[in-house]
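Asker: Okay, these came from Swiss-Prot:
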ACT_SITE  E15  active site
ACT_SITE  S150  active site
ACT_SITE  S281  active site
BINDING   134-189  ATP binding site
BINDING   D257, E270  Mg(2+) 1 binding site
BINDING   E270, N272  Mg(2+) 2 binding site
DOMAIN    101-303  domain 'ATP-grasp'
Amino acid sequence: MTDKIAVLLGGTSAEREVSLNSGAAVLAGLREGGIDAYPVDPKEVDVTQLKSMGFQKVFIALHGRGGEDGTLQGMLELMGLPYTGSGVMASALSMDKLRSKLLWQGAGLPVAPWVALTRAEFEKGLNDKQLAEISSLGLPVIVKPSREGSSVGMSKVVAENALQDALRLAFQHDEEVLIEKWLSGPEFTVAILGEEILPSIRIQPAGTFYDYEAKYLSDETQYFCPAGLEALQEANLQALVLKAWTTLGCKGWGRIDVMLDSDGQFYLLEANTSPGMTSHSLVPMAARQAGMSFSQLVVRILELAD
């Protein structure tokens, strides 16, 4: 008898709609691969009852808080249910851009200069030291909540007088916010599947940066896979991504986003331990380039679950 698989989708985070699309695609792909899979939306179903409902494994197609941040992973561990993707600690660290950057920096890996602020600091009013640190980043900067995905709450700031509004928006989504030096690009993403690093993808958004609309709604965003890098550059990028991935303790599958600045240096942006699996999504695109169908990809991800 085959295992009964729960595909967790939807949820309650800011990325619910993306997750519903990801989950529907994953469900179809698993069923095409002969897997006995069923959709489960934690917003509507008590996921603490998954075991009593007869499920033996879980495919996590949730994005953002409550699905990608270690909390769900911890619950599944306590229940003794194998699940896809990274464990508790790696999921929590990857969801937290600030702590990811601190770990990467500590490991000697390249990250863009940044300033971190708490909501309390912002509401109190920034002191001269903080203002000087922000000023040292130059303009433009990118302002982002530390623990949101899909570019939710993110803004590019090109003029000093726009910074307050950008911070206000970011603080609507998190207690901690990053102000990062703007890197001119292009942006790359590299997917990891088990021990295999898939071909890199170069991302060319129509707008100024790769925001929520460019990721999920726009047909004008262009993706290049293979990315067009020279062999040595591709090898260097893959080596950097592998170090970034293992530094956070990630496993199973996921994605690391990287920027190539005008100085020819790669800089790590963030790790995604439960990436999108929609029609616009990048892991399926990289897998396709590596000769793997969508169904083969999701079945392989499930096989890696522990």
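Cβ atoms are placed via backbone N, Cα and C, with glycine included.
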Asker: Between S155 (ATP binding site) and E270 (Mg(2+) 1 binding site), find the distance joining the two CA atoms and give it rounded to the nearest Å.
Answerer: 16
Asker: Which number gives the other C-beta atoms within 10 angstroms of the C-beta of E176 (ATP binding site), all protein chains shown included?
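Answerer: Excluding its own Cβ, the number within 10 Å is 18.
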Asker: Counting every protein chain present, what is the number of Cβ atoms, excluding its own, within 10 Å of the Cβ of N272 (Mg(2+) 2 binding site)?
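Answerer: Other Cβ atoms within 10 Å of N272 (Mg(2+) 2 binding site): 24.
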Asker: Provide the three-state secondary structure of S155 (ATP binding site) computed with DSSP.
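Answerer: Reduced to three states, the DSSP call for S155 (ATP binding site) is strand.
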Asker: How big is the Cα-to-Cα gap, in Å, between L183 (ATP binding site) and N272 (Mg(2+) 2 binding site)?
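Answerer: About 20 Å separates the two Cα atoms.
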Asker: Taking the Cα of E148 (ATP binding site) as the centre, which of the recorded positions listed as D257, E270, N272, S281 lie within 10 Å of it?
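Answerer: The recorded positions passing the 10 Å Cα test: none.
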Asker: Secondary structure at S281 (active site) (DSSP, helix/strand/coil)?
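Answerer: Going by the DSSP assignment, S281 (active site) belongs to neither helix nor strand, so it counts as coil.
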Asker: I'd like to know which of the recorded positions E15, I134, V141, A162, L169, N272 sit within 10 A of D257 (Mg(2+) 1 binding site) at the Cα level.
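Answerer: Within 10 Å Cα-Cα: N272.
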Asker: Using C-alpha atoms only, work out the spacing between E270 (Mg(2+) 1 binding site) and S281 (active site) and round it to an integer in Å.
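Answerer: About 16 Å separates the two Cα atoms.
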Asker: I want to check the contact list for A162 (ATP binding site): same chain, sequence separation of six or more, C-beta distance under 8 angstroms. What comes out?
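Answerer: In sequence order, the residues whose Cβ lies under 8 Å from that of A162 (ATP binding site) (at least 6 apart) are S155.
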Asker: Could you check what DSSP calls L169 (ATP binding site) once collapsed to helix, strand or coil?
Answerer: helix
